Amino acid sequence: MDQIIVRGNGPLKGEIPITGAKNACLTLMPATLLTDQPLTLTNAPRLSDIRTMTALLQSLGAEVASLQEGQVLTLSSHDLNNHTADYEIVRKMRASILVLGPMLARDGHAIVSLPGGCAIGARPVDLHLKAFEAMGAQLDLRDGYVHAKAPAGGLKGAVIDFPIVSVGATENALLAATLARGTTVIKNAAREPEIVDLAQCLRRMGAHIDGEGTSTITIEGVQTLGGATHPVVTDRIELGTYMLAPAICGGEVECLGGRIDLVAAFCEKLDEAGIDVTETDRGLKVSRKNGRVRAVDVVTEPFPGFPTDLQAQMMALLCTAEGTSVLEEKIFENRFMHAPELIRMGARIDVHGGHATVHGTSKLRGARVMATDLRASVSLILAGLAAEGETVVSRVYHLDRGYEKVVRKLRGVGADIERIKGVTADE
Ligand code: EPZ
């Protein structure tokens with residue numbers, strides 16, 4: 001399997017283009033199942049997760065074609081001939097559960113494998129299922145699959161009051177509600193930009209939606225939806241990740257396409273840590289003010305709070321800060337697996353339950369480390385950029401799920417980084 005080698009190489013300078021959001025694209029693609037008209041997504045990221053979602057939709061009978069080297073996806077579900085999402089695909093990517101709502105809404109039945117857990121947590125889907133039950137669906141769990149059936153007249157509009165904020169459950173309920181009979185009100189809805197993006201795309205397809213981006217989303221069901229062309233919103237997690245490169249190495253990098261509204265809470269923490277962020281007419285310019293990074297405390301929360309998907313990357317920065325920082329991970333139960341790998345690089349981190357206390361050190365040292373999940377993998381690369389000596393990151397297939405051309409983008413701003421193919425399986 002491939003490895004990535006990073007050598008500390010001093011301050012970075014230049015610009016990094018930010019691509020379309022993985023987590024927006026993964027919820028936009030299933031929207032094709034709601035209509036027999038063509039859906040075109042532009043600014044799509046070229047990632048393994050997108051290829052997995054493509055394979056899943058094709059297994060259901062949808063046609064998915066990628067143009068312009070994958071940046072444009074054309075999708076059509078004119079001839080769905082299968083309503084079973086198989087375990088072999090679903091187990092690879094949890095977002096596969098997002099085909100359940102659209103299939104239920106349009107054709108009244110679906111069989112979808114339960115996704116199972118993943119490295120960062122149990123990741124149950126009970127809230128998704130409760131939403132569909134509230135809309136009148138009958139759900140049977142058998143042999144690891146959800147067998148779902150809508151009432152004879154189709155899903156009914158309902159009031160869905162989520163006990164906790166769930167991005168995926170909000171997206172699944174939103175997708176399903178567009179074709180339900182009557183009004184659906186989603187309370188305690190997630191407010192992430194990816195949900196706003198989904199609502200905007202569904203509206204282009206003819207859906208009647210109000211309140212996206214707030215905690216209450218109201219949907220008036222319609223008989224049918226049409227096609228649309230929709231640009232995938234900028235990836236705020238990729239944006240935040242690359243903003244941390246000049247923060248941890250010094251120098252100045254402009255993230256093209258970056259928008260401050262997508263990363264406001266994150267930018268507040270960067271400012272506290274002594275990192276300068278300036279809005280330009282092309283994106284966000286990031287530089288480290290003089291002196292060392294200052295320690296800051298971080299608590300991960302649903303949007304608009306500090307994103308859990310930037311926690312690992314922020315921890316890498318804080319390992320080099322002056323002072324002690326405390327990171328509290330409130331979204332997932334096991335999202336500090338990058339800590340032991342950072343400790344191999346000389347970081348001083350104490351993890352107790354959902355809290356990680358980071359005692360900043362002036363210098364990290366390169367080491368052989370192992371990526372454990374998508375965001376952990378890129379936090380190790382950030383640490384390697386600032387470390388003395390060489391860092392070798394293995395299991396980089398995690399990285400390919402969510403970061404397009406990471407070596408090229410970082411080399412473009414002066415990083416000493418390379419990817420070596422097919423190393424012996426020491427993984
Ligand atoms: C989405 O996952 C993202 N994935 C995650 O990004 C992100 O970390 C997460 O939202 C939180 O922002 C995609 O969009 C594809 P949740 P999701 O439902 O929808 C619990 C990345 O790195 N929960 O908001 O699965 C759950 O266990 C990935 O790109 C239930 O208990 O997250 C978690 O503790 C990682 N029951 C909390 O809610 C449910 O039915 C938030 O999960 C659903 C969720």
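In case you wondered, yes, glycine gets a Cβ from its N, Cα and C as well.
TrEMBL annotations: computationally assigned, not manually curated.
Positions annotated as domain 'Enolpyruvate transferase' by TrEMBL: 7-410. For Lys22, Asn23, the entry in TrEMBL reads phosphoenolpyruvate binding site. Among the features that TrEMBL reports, UDP-N-acetyl-alpha-D-glucosamine binding site is placed at Arg94, Arg123, Pro124, Val125, Asp126, Leu127, Asp309, Ile331. The 2-(S-cysteinyl)pyruvic acid O-phosphothioketal feature in TrEMBL is assigned to Cys118. TrEMBL lists Cys118 with the feature active site, proton donor.
Calculated from their C-alpha atoms, the gap between Pro124 (UDP-N-acetyl-alpha-D-glucosamine binding site) and Cys118 (2-(S-cysteinyl)pyruvic acid O-phosphothioketal) amounts to 10 Å. Listed in sequence order, the residues of the same chain lying 6 or more apart from Ile331 (UDP-N-acetyl-alpha-D-glucosamine binding site) and placing their CB within less than 8 Å of its CB are Thr300, Glu301, Pro302, Thr308. Summary: among the binding-site residues (Asp126, Asp309), the fewest other C-beta atoms within 10 A of the C-beta are counted at Asp126.
The shortest Cα-Cα distance between Arg94 (UDP-N-acetyl-alpha-D-glucosamine binding site) and any of the recorded positions Lys22, Asn23, Cys118 is the one to Cys118. Cα of Leu127 (UDP-N-acetyl-alpha-D-glucosamine binding site) to Cα of Lys22 (phosphoenolpyruvate binding site): a distance of 22 Å. Recorded residues Val125 (UDP-N-acetyl-alpha-D-glucosamine binding site) and Asn23 (phosphoenolpyruvate binding site) have their alpha carbons 17 Å apart, per Cα-Cα distance. In the three-state DSSP scheme, Asp309 (UDP-N-acetyl-alpha-D-glucosamine binding site) falls into the helix class. Here the recorded positions are Cys118, Leu127, and the one whose Cβ sees the fewest other Cβ atoms within 10 Å is Cys118. Most buried of the binding-site residues Lys22, Arg94, Arg123, judged by other Cβ atoms within 10 Å, is Lys22. Whole-number maximum of the Cα to Cα distances across the UDP-N-acetyl-alpha-D-glucosamine-binding residues Arg94, Arg123, Pro124, Val125, Asp126, Leu127, Asp309, Ile331: 22 angstrom. Comparing Asn23 (phosphoenolpyruvate binding site) with Cys118 (2-(S-cysteinyl)pyruvic acid O-phosphothioketal), their Cα atoms are 16 Å apart once rounded. A coil conformation is recorded for Arg123 (UDP-N-acetyl-alpha-D-glucosamine binding site) in the three-state DSSP classification, outside any helix or strand. Mean per-residue pLDDT, taken over the domain 'Enolpyruvate transferase' (7-410), amounts to 96.
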